[in-house]
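Participant: Before I ask anything, let me first share the structure, which is written out below as structure tokens.
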């Protein structure tokens, strides 16, 4: 059973690790395609936050966000493979912050083709987020194995 658990974590984490590897290879001096695609989406998200809450999000270089995403996915994925709750929390942080920004289906009409594509990807990312929450919940709810002390032999006189 332990091998199946390890294999499942390995397959799950491979989604994040391979994505981080691809983004790392394309990073360049400007953050690569990930940073370029993120800029307009972050600007729209920032306007939504400002209009709904009045909070102004700071201007951040997209290559910093792309580098942070690469770090969260790679370190979190590697730690997750070995069953670390910290790894799951890093991946959870990545998913919780970037999913609503990257898959902004809420900016499109329901009749638009892009709405359906983004909504499908958004729900897939939510499924990953749910799996991470499940892992963290199960990890914290299962009791650790306790070493059982063997009862000592009593000497009879």
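FYI, residue positions are counted from 1 along the chain as it appears here.
The backbone N, Cα and C atoms fix where each Cβ goes, and this holds for glycine too.
Computed from a predicted structure; not experimentally measured.
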Participant: When you get a sec, could you say which of 57-77, 78-98 is annotated transmembrane segment by TrEMBL?
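Facilitator: The listed stretch tagged transmembrane segment in TrEMBL is 78-98.
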Participant: Is the signal peptide (1-22) packed against any residues at least 6 beyond its ends, judged by a Cβ distance under 8 Å, and which are they?
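Facilitator: Long-range Cβ neighbours of the signal peptide (1-22): 69-71, 73-74, 76-78, 80-83, 87, 91, 94, 128, 131.
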Participant: When you scan the chain for residues with a C-beta under 8 Å from the transmembrane segment (78-98), skipping those not six or more beyond its ends, what do you find?
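Facilitator: Here the qualifying positions are 5-6, 9-10, 12-13, 16-17, 69, 72, 125, 128-129, 132-133, 135-136, 139-140.
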